[in-house]
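Over in TrEMBL, the protein carries these features:
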- 4-113: domain 'Toprim' (DOMAIN)
- H34: site 'Interaction with DNA' (SITE)
- 127-571: domain 'Topo IA-type catalytic' (DOMAIN)
- R137: site 'Interaction with DNA' (SITE)
- R138: site 'Interaction with DNA' (SITE)
- D141: site 'Interaction with DNA' (SITE)
- Y146: site 'Interaction with DNA' (SITE)
- 163-168: region 'Interaction with DNA' (REGION)
- Y305: active site, O-(5'-phospho-DNA)-tyrosine intermediate (ACT_SITE)
- R307: site 'Interaction with DNA' (SITE)
- R504: site 'Interaction with DNA' (SITE)
Amino acid sequence: MALMNLLIVESPTKAKKIEKFIGPGWLVTASAGHIRDLPENEMGVCAPDFLPEYVVLPDKAKTVAWLRKLVKDAGTVYLGTDLDREGEAIAWHLLQTLKPKNYWRVTFNEITKKAILDAIKSPREIDINRVKAQETRRVLDRIFGYYVSPWLTKIAGIGRSLSSGRVQSSALLLIVLRERAIRDHVQIEHYRLDVKFHMNLSGAPSGPSNTWTASWEYVPLFKMLEQEPPAHFTDKAFIDRLAMAIQQQRGFTVQKVATRKTYRKPPPPFTTSTLQQAASSRLKMNPDETMKLAQSLFDSGAITYHRTDSLNLSDEALTTVRHFLTSTGQAIPASPNTWESKESAQEAHEAIRPSDIEMRQFGDDPNAPAAQLYLLIWMRTVASQMNPATYDSTKAVLLSDVALKGHQQPFLAKGRVLIDPGWLALTKGDETEEEATAQDNESTAPLPALVDGQRLTALLPSVETQKTQPPARLSLAGLVKEMERLGIGRPATYAATQAVLEKRGYMEVKARMIYATALGEAVADVLRDYFSFIELNFTRQMEDGLDQIAAGKAGYKAVVSYQYNILQSELASASSAGSPQAFVDMRADLIPCPVCTDGVFIRRKGGTGHFYSCSRYPECNAVAPEAKVKRGAPHSPDLDRLKTGNEPKVEVVLSEQNCPKCDKHKLALRDGTRGPFWGCTGFKSRPACKAIVQDLDGIPDIDNWVEKPKQGRRSARGAGL
C-alpha cells in the first residue's frame, strides 16, 4: 500500500479548499500558524552566541502531537506555508519539530487547482537564508523588548506596564512628531488676487458657472526686484492697491495660450499598504479589519497572497485581465501597464488580485464586508490594465494693463476637460490619499477658446484671504502610508503596530484620526533621549540588513551582535541617568486611586469607551467611567460614579467640594484612630497635598479648616540628646 502525501499549510480554511481539488493519495492539514517560538517568560537567547531556544507554544501541543502522527504515516511531507519570510520560518520550524523522513517546500501565490498542482511539480528545499532573516528579526525584537520595556516601566513609575519595540517605537515617534507639528503650527494669513472673465468672450451677461478665473503670479515681481520670492504673499495693503488699480483698468491681453493632451494613468494593483489605505478611505475599514478580511479571502481562494509590496501582476495574470477587458468591449493599451516598485520592495510575489477575474462578486451578500473588499480589489485590478484617462489641458498667461515699474502684471489661468474617461469609466474613488492628491491638483474647469494677443475685459477683481494650515493629522490609512514611505516595518506589521500603540495607551483614535496621548509623548521623548532604535531611519536600515541576510550577503550572528552591543551601551547610559523629566512631569498629573490610595488611576479603552481603573488591579478593582468634558478639555475620571467590581463604591465617600488647600482634588472620608476625618485624595500627587479636614456630621468642615504650620524635624535620638 502506497504511503500518502501530506501537505501542511497554515490555515484550516485553506486546507479544506485545497483538499477539494488536490486529488487522491493526499491529506491536507494545517498548523494554524507558528508552532514554536521563543519562551514566553524568559529571554530565550543569550550573548555571545545568540542561539535561540525555541519551545512548542503551549496552545499548539495538541496540534504538534496530531501532526507528528500524520507525518509518521506519510511518505513525503510537503510544507506549503505562506510565501513570505514568516511562512518560510514556519516551514523550517515544522521541519525541525516533526522531522519527516522526506520533505519538500512548496509555495503558491493563490489557492487554485492550477497553482497548487504547479507548486507540487516544482518543489524546493527550505531557503535557510530567508529563515535566518526572520530569525534575526524575531531575536532582535525580543532583545529590544526584553531589555528596554522593563527599564521603561520601572523608570516611568506610574504603576502600569509600558512597552517598547523596534517598529512600534518608531511608529510612535512618527505620530508624536506629527502631533507636535500640528500643535506648534503658527498660522500665517496670506492673500491671492483673482480676476474673473465671462466664458462668453463677447461680454454678454452670464451666471457664476459661466465664468473662468485667472490668478496673479507674484513671483515674477520679486524676481524683477531681485528678491527671494516668499512661499506666500502676505502684504495685504499692496495686493489691495493692485486690486483697486485693476478694478479701474480691467483690460488684459492673452500673452500665451497652450493646450495639450494630458493623461491620467490608472493606479497600480494593490499592495498590502495601498489596500489598507484604500479600504480605509473607501470602505471606512481600519487596517486590522482589512487584513483579517483579506486573509479570509486568500484562504478561501478568492484572491492572491495579500502580504506583498509588488506593484505588478504576473505575465499570466496580465494576459487574463487584458483578455477579459477586450471580451467585454473595453479598449486596452498596446502593451500591459507596469510600474516600478520602490527600492525596499521585496517583490517575492505579485500584487494582490482576484484569483478568477471572471468572478465579480464574492459570496451571496454584496454588502458583506468581505464582498466589498473583494470588489475593491477586483475593480482596481481590472482598472490597472485599462487605458489612461485623457484630458485637454490648457494654460493661459494673461498680462494686465496695470504695470508695476514698467512691467505688466501676469495672471495665470488653468483648465482641463475630460476627453476620454479610460479607466475612470470603471472606478474612481478607491485611490489612496497620495494618489488622489497627485491627480487632482489641476482645475477641471474649462477655459474658452483663446488665442495669443487676444484682448479681454475682466469682471471685478477679488482678493481672497487664505491661511496656512498645519500638517494634516494622521489617519489610520495615513499612518500606514507614512510607515511604508519611511520603511518602518513591513506590510504585514502595519495593522498590528497600530493595534499595539492604541492598546498601550500611546495613541487614541477619534473619528478615524490619530492623536498622540500624553503618555505616548513622554515615552517617545524618553526613548529618543537614550536609544537609537526609535529613530525613523533605524528600522529602514535594519530592514535593509534583513534583506542582506535573506540574500545570503550577511550573517545572523554579526547583525544581532552589532545591535545587541549598541543597545547594551545605550541601556547602561540610560540606567545611570536617573528619572527622565518627561516622566516626572507626567507623575505630577496622575490621579491617586481613591480606594486603595497606593495605586493610580489609569485611563484605559473598553468596549463602550474609555474608563479609569487602578494600576494595582487585580489587588484593587476600583473603576470609574470617564467624565464628560468639553472638546479639548483634559480627560478625567467621573469619581462620583466610582465602583469596585460590579457593585457601587460604598467604602469611599468623596466630598462635593475640592480640597481647601490644593483646590484640585476631592476629599475622601477616612476612618482614623480618633474617629472619621476627610483627607485629600491628592496626597500622592506631585506636589503632594496632605490636607486633613475634620468631619462634621458626614461632611468636611471646610469653613473651619486651618492649615497646620510645618514643624521642623527632630533627631531620631530625641530632642534632649
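Just so you know, glycine gets a Cβ as well, placed from its N, Cα and C.
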- Query: What three-state secondary structure does DSSP assign to H34 (site 'Interaction with DNA')?
  - Reply: coil
- Kindly assign R307 (site 'Interaction with DNA') to one of the three DSSP-derived states: helix, strand or coil. coil
- Among R138, D141, Y146, which are recorded as recorded sites, the nearest neighbour of R307 (site 'Interaction with DNA') by Cα: R138
- Per DSSP, R504 (site 'Interaction with DNA') is which: helix, strand or coil? coil
- What kind of secondary structure is R137 (site 'Interaction with DNA') part of, going by DSSP in three states? helix
- Item | Spatial separation of Y146 (site 'Interaction with DNA') from R138 (site 'Interaction with DNA') - C-alpha basis, Å | 12
- Fewest Cβ neighbours within 10 Å, where candidates are the recorded sites H34, R137: H34
- Message: Quick check on the recorded positions Y146, Y305: which one has the highest count of other Cβ atoms within 10 Å of its Cβ?
- Response: Y305
- Could you give the Cα-Cα distance between R504 (site 'Interaction with DNA') and H34 (site 'Interaction with DNA'), in whole Å? 25
